[in-house]
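Beneath this line is the structure, given in structure tokens, with notes to follow.
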Amino acid sequence: MLEFVRPLQSILQIKQVNSTDLVWRLHCRVTVFLLLLASLLLSARQYFGNPIDCVIGSGTVSSSTMNEFCWIMGTYISNDPNFVLDSTDLVKINAKIGHIPESERSYQKYYQWVVFILALQACMFSVPNFLWKAWEAGRLQSLCDGLTTPIVPDHWEKTRKKQLITYLSADFPRLHRTYLLRYCFCTLLNFCNVLLNIFLVNVIFSGFWSNYHPAVKALLSFDFPSWNRYNSQVFPKIAKCDFHFVGPSGSKQNRDGLCLLPLNVVNEKIFAFIWLWFLGLLVISMLNLLFWIVVLCSKGFRLWLLTAPLYPIRTSYVARALDGQGVGQWFLLYQLCRNLNPIVGRELVQSVSKAKGHNGHKTFRMPKGGEPDFYTDPEGYDEEGV
């Protein structure tokens, strides 16, 4: 079992420098890990045997042929809820259900596609993270390199400090604003991803969110008889299958079989978790969006967010460091202070505050071709008094 988990360990690996928040990691790491784990688990035949096993009477159709046919063409149950109750007793099935008219059938066409559906969902939840990695391009990692440890490193010296202070004191409104807008876009994309996946599951399983609600409710209340009854209407463990073929004389023949669907024993639990997880993720994502709307609209709230991890630094120092700067500059400082050693973070903000007080506002003239290189040219800006 551990062999399946080992390739996925890197998804949950904790990094020293994180350019994303907890909600983001719930989307792009935890959710992706869980979906891929479920997909790999369902594809492991050594744990569950054949995905379908059909029982037929004696005749010209072999058991293996029937299994392959029903796997490809799909099985069905009756729309009548009593079918699910009777399906736990083979005697009752033979005695009561007989032929099910086409109009009363509910087909399990999803059965062989669940593994791919889960893998597709994992890919969808990975998209915002791939976009952000491409746009962020390791900027925060390079700025925080070696300065995240609990003990202040020896190389936190004048040259290194000057490089960071010079970068933070200069004014790059378009650069930092773009950095923030891309982050907000990916945050919005995470929220849209949840909505899209909820819609996708609802379409594939024909009203999943309403049909599976009684099953999840029964599970949470530990009413296991009701749980078995309701979940079997969506994920039946026993279903019927009809095999049509031409007999020796040319007449149409029909073989109906009773098929066991062992993967649905796992599917019912996976999708009960998905039902709860996606709804919880949707609520958390909505609250996170509201948080960022408040951040973008409230200067006082931004000041408080930046000051909190820098305690006991005075608010006036932080306000001066942000004086004349846009929300993009605040976001960069916020990202740095969340990752840097607290002592280094306080020293940086205090030094930037003093530099602003002494030198006034600094505007950098962006060279063609991208960002400035302060590590090779720490004086690469023009000063303009305001």
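Yeah, the Cβs are placed from backbone N, Cα and C, and that goes for glycine too.
Because the structure is a prediction, the values reported are computed rather than measured.
Annotated topological domain 'Cytoplasmic' per Swiss-Prot: 1-21 (among others), in sequence order. Here the topological domain 'Cytoplasmic' (1-21) has long-range neighbours at 28-30, 32-33, 36-37, 40-41, 44, 47, 129, 132, 136, 139-141, 144, 148, 288, 335, 338-339, meaning same-chain residues at least 6 beyond its ends whose C-beta is under 8 angstroms from one of its own.
What Swiss-Prot records for 22-42 (among others) is transmembrane segment, and it gives sequence analysis as the kind of evidence.
Feature annotation from Swiss-Prot assigns topological domain 'Extracellular' to 43-111 (among others). Predicted-model confidence for the topological domain 'Extracellular' (43-111) is 75, expressed as mean pLDDT.
Taken from Swiss-Prot, the feature transmembrane segment covers 112-132 (among others), and the record attributes it to sequence analysis.
Marked as topological domain 'Cytoplasmic' by Swiss-Prot on the basis of a curator's inference: 133-187 (among others). Look at the topological domain 'Cytoplasmic' (133-187): DSSP puts its residues at 37 helix, 2 strand, 16 coil.
Remote same-chain residues near the transmembrane segment (188-208) are listed as 23-24, 27-28, 110, 113, 117, 121, 124-125, 127-128, 131, 234, 271, 274-275, 278-279, 281-282, 285-286, 288-289 (criterion: CB distance under 8 Å, separation of at least six residues from the stretch ends). The transmembrane segment annotation in Swiss-Prot covers 188-208 (among others) and rests on sequence analysis.
According to Swiss-Prot, the topological domain 'Extracellular' annotation covers 209-272 (among others).
Within its own chain, the transmembrane segment (273-293) has Cβ neighbours under 8 Å at 21, 23, 26-27, 31, 34, 184, 187-188, 190-191, 194-195, 197-198, 201, 208-209, 212-213, 216, counting only residues six or more beyond its boundaries. The transmembrane segment annotation in Swiss-Prot covers 273-293 (among others).
Taken from Swiss-Prot, the feature topological domain 'Cytoplasmic' covers 294-386 (among others).
According to Swiss-Prot, the feature region 'Disordered' maps to 358-386.
Here Swiss-Prot flags 374-386 as compositional bias 'Acidic residues'.
With DSSP classes pooled into helix, strand and coil, the tally for the topological domain 'Extracellular' (209-272) is 32 helix, 18 strand, 14 coil. Here the transmembrane segment (112-132) has long-range neighbours at 19-20, 24, 27-29, 31-32, 35-36, 38-39, 42-43, 51, 71-72, 182-183, 186-187, 189-190, 193, 196-197, 200-201, 204, 263, 267, 270, meaning same-chain residues at least 6 beyond its ends whose C-beta is under 8 angstroms from one of its own.
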